[in-house]
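Grabbed the feature section from TrEMBL, which reads as follows:
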BINDING   Lys24, His31, Tyr140, Arg188  heme b binding site
REGION    1-30  region 'Disordered'
Amino acid sequence: MEAMQSARKNETGDIGSDLSEQVKAATKDSHVRAENTQLMLSYQRGHITLPQYKVLLCSLYEIYKALEEELARNSSHPAVAPIYFPQELARLETLERDLEHFFGPEWRERVVVPAATHGYAQRLRQIGRDSPELLVAHAYTRYLGDLSGGQVLGKITQKSLGLSGQEGLSFFSFPGVTSPNRFKQLYRGRMNGIELTAEERAEVLQEAVAAFELNIQVFDDLQKMLSVATETADQSAGSGVKTGTFPYLSTMHTVGLCVAIATIGLGIYTI
């Protein structure tokens, strides 16, 4: 509610007329909440585990698949064209390389994600079909966030997981961007130049808040997956039951907890 009130406050021009600044102000509270989810706190503290990283990659893949397909389909839309930088920003191929590294060549058949991830992807499909200008909010929050924290998070991931090289870390690399700061300035300038009606601008601000809320839901669902899977494994170990007795527990160990745990009611579906 507070974030939505911030968005409405921005419409009056109190923050300034630049769309990027208005989005930043509107999402301030949601941004803080996203950073304080259990999964992201683990990341910031350098406590990210391989299972956590793998389930995160699984969800990022589906989210970026929907986002980048909708951006490509609407690349000539007047609100999308100015901020469409596939060569510099596209993440789908990097995620595919990382997933293949961890799960092998059959990774597409072995990856599952929680319901919140599907909800996020469905929202992207919906606005791509009905209101393409709202894709601006999602592209801004996702790409500039990844570009800003990519190098730092990449190093944290590499150190936390004990990875010796860059394999499995492609997501954090932006070889098409030589200077992240200059590119972000260019991106914000293009975004600020997009012509929107007052109503469309208000909707973009609200959608930016929704984007953060969708991310928070994904983080929470992923942590639930990990918590339930770990608890189930601990109970099995304590009772002397071999995990191989149950197919989903055996799969849990081979694919890093990206598993379909249908019995726990988390609404997990296969990609």
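We count from 1, first residue shown onward.
Keep in mind that glycine also has a Cβ here, set from the backbone N, Cα and C atoms.
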Using a 10 Å radius around its CB, how many other CB atoms surround His31 (heme b binding site)?
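Summing over all protein chains shown, His31 (heme b binding site) has 18 other Cβ atoms within 10 Å.
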Using all protein chains in view, find how many other C-beta atoms are within 10 Å of the C-beta of Tyr140 (heme b binding site).
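I count 22 other Cβ atoms within 10 Å of it.
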Have a look around Arg188 (heme b binding site) and count the other CB atoms within 10 A of its CB, chains all included.
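Within a 10 Å radius of the Cβ of Arg188 (heme b binding site) lie 19 other Cβ atoms.
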State the count of C-beta atoms found within 10 angstroms of the C-beta of Lys24 (heme b binding site), not counting that atom itself.
18
Among Lys24, His31, Tyr140, Arg188, recorded heme b binders, what is the largest CA to CA distance in Å?
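Largest Cα to Cα distance for the heme b-binding set is 18 Å.
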